[in-house]
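Contents: one structure, followed by commentary.
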Amino acid sequence: MEPKTKKQRSLYIPYAGPVLLEFPLLNKGSAFSMEERRNFNLLGLLPEVVETIEEQAERAWIQYQGFKTEIDKHIYLRNIQDTNETLFYRLVNNHLDEMMPVIYTPTVGAACERFSEIYRRSRGVFISYQNRHNMDDILQNVPNHNIKVIVVTDGERILGLGDQGIGGMGIPIGKLSLYTACGGISPAYTLPVVLDVGTNNQQLLNDPLYMGWRNPRITDDEYYEFVDEFIQAVKQRWPDVLLQFEDFAQKNAMPLLNRYRNEICSFNDDIQGTAAVTVGTLIAASRAAGGQLSEKKIVFLGAGSAGCGIAEMIIAQTQREGLSEETARQKVFMVDRFGLLTDKMPNLLPFQTKLVQKRENLSDWDTDSDVLSLLDVVRNVKPDILIGVSGQTGLFTEEIIREMHKHCPRPIVMPLSNPTSRVEATPQDIIAWTEGNALVATGSPFNPVVWKDKIYPIAQCNNAFIFPGIGLGVIASGASRITDEMLMSASETLAQYSPLVLNGEGLVLPELKDIQKVSRAIAFAVGKMAQQQGVAVKTSAEALQQAIDDNFWQAEYRDYRRTSI
């Protein structure tokens, strides 16, 4: 459902003069009307011409095109964001296909690596371990009283780049930009946070420009006590906030999610968001290839928290489609660097134990090795779906893909590792090795593949198709928790918007130009499920839709009226 055009009410603000021009959430730059310039002491502080936001956006677009590298484009866009947020979002929404990879993956990875070098202006909250006893004061310093979404990281596992210390702040900033651009959540309601618990990245510790706490990372009880202090301070300041954990190391990600998901409205996008968008993609791809997801055999390369989170949601979805839990688990095979996860493998992590295969059931496999490699698994399982979350490039070899294709005429191959340099195989190779028959979705953006004079569009299995809609649905419904069923309703809704399913051709996921429409549909499904699950107050469908409309922010200037503080 398309958003209804809302008549914007005037905004009463107490700021004037240079202070107003330095306030990114309120600054209009050259779009201040003459009346506003008189009323807010801006006469002579701006050029004579009063511009529209579209005229400003056109100038910004011309300037943007003058930058030759992606990181320079990223820096330029961040500068606009820190100067005039409304213009930033108008520009991004006008050119979302071009700019999403610049404000988020893959370019944000380079921005995190160079965070201290390219730092210009503070955004968000930096909480160092040294300041742990000032947590309440730090959050009180945030000028926005009505924060509704926080994205927090500790910078330890940034994309596939590892420990970036305080540089990890680039991820919450970028993620929240997508909450607004794709999900219509007002930037005034968002807050990026980095927990600065030190870094084990020696290059950063030796860098004279590094702006974080120069100390090895705290661990164990010290770490968890620090995070708990943060959670309690957030609950005290904004008890109804949605808290998203982002890019925490595997050893901490699942424990933190399990510890706090029933204490504060929270989720982990790397685990749950990735799982939800992947399952939505698989539902659509399975329908396009013929049949249901429950009919497919699935092999994973990568058995960390993200891979196992996806696997568990797939199992839940196939149970919804009619499988028993035992049968659903027998169809999912997890491979890590030590081979196929089996019940005989030592040192399994807690979240891996339910995803093992019984070694006794593999006695008839065609292999001479005790360690069951990815090729062994593909040869014996004959999977319909191959998913890569290994973070290692090139592991989907030609031999493996061709072996898969021998037994599956329409293989679904999803190399999801980020950034592009870490992808398990390129779409170009996968299409060629399967004679143009594979359905491919990737974690990073790729251009369409041309093979034998045919164009193959490549869908990006981008969490931005999921988390903005979840956030909007939580805000609109007032949900106090995010349940697994809410996430699965988001996946099913995403699948319903697949052009490949709807039209028999095109991308397996919607085009970015439709992402706000998809986010609004996901918000409705998530809000409705929250009501059904008892974590949100029940309302009529019309009331829920109205709440979504009311909370959907658009990048338009409002008229200002002067008031005193």
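Here the Cβ of each residue, glycine as well, is placed from N, Cα and C on the backbone.
The active site, proton donor annotation in Swiss-Prot covers TYR104 and rests on sequence analysis. The annotation NAD(+) binding site is assigned in Swiss-Prot to ARG157, ASP270, ASN418. The active site, proton acceptor annotation in Swiss-Prot covers LYS175 and is backed by sequence analysis. According to Swiss-Prot, the feature divalent metal cation binding site maps to GLU246, ASP247, ASP270, an assignment based on sequence analysis. If you look up Swiss-Prot, you'll see ASP270 marked as site 'Important for activity', on the strength of sequence analysis.
Feature annotations (Swiss-Prot) mapped to structure.
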{"residue": "TYR104", "record": "active site, proton donor", "DSSP class": "coil"}
{"residue": "ARG157", "record": "NAD(+) binding site", "DSSP class": "coil"}
{"residue": "LYS175", "record": "active site, proton acceptor", "DSSP class": "helix"}
{"residue": "GLU246", "record": "divalent metal cation binding site", "DSSP class": "coil"}
{"residue": "ASP270", "record": "NAD(+) binding site", "DSSP class": "helix"}
{"residue": "ASN418", "record": "NAD(+) binding site", "DSSP class": "coil"}
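When other Cβ atoms within 10 Å of the Cβ of GLU246 (divalent metal cation binding site) are tallied across all protein chains shown, the result is 27. Cβ neighbours of the residue listed as 'active site, proton donor' (same chain, under 8 Å, six or more residues apart in sequence): GLY174, LYS175, SER177, LEU178, ALA464.
The residues near the divalent metal cation site, meaning same-chain residues not in GLU246, ASP247, ASP270 whose C-beta sits within 8 angstroms of the mean position of the site's C-beta atoms, are THR153, ARG157, ILE158, ILE171, PHE245, PHE248, ALA253, ASN268, ASP269, in sequence order. Cα spacing between ASP247 (divalent metal cation binding site) and ARG157 (NAD(+) binding site): 5 Å, rounded to the nearest whole number.
The NAD(+) site is set by ARG157, ASP270, ASN418; from the centre of their CB atoms, other residues of the chain with a CB within 8 Å are ILE158, LEU159, GLY160, ASP247, ALA306, GLY391.
Between GLU246 (divalent metal cation binding site) and ASP270 (NAD(+) binding site), the C-alpha separation comes to 6 Å. Cβ neighbour count for ARG157 (NAD(+) binding site) (all protein chains, 10 Å cutoff from its Cβ): 26. Counting every protein chain shown, 24 other Cβ atoms lie within 10 Å of the Cβ of ASP247 (divalent metal cation binding site).
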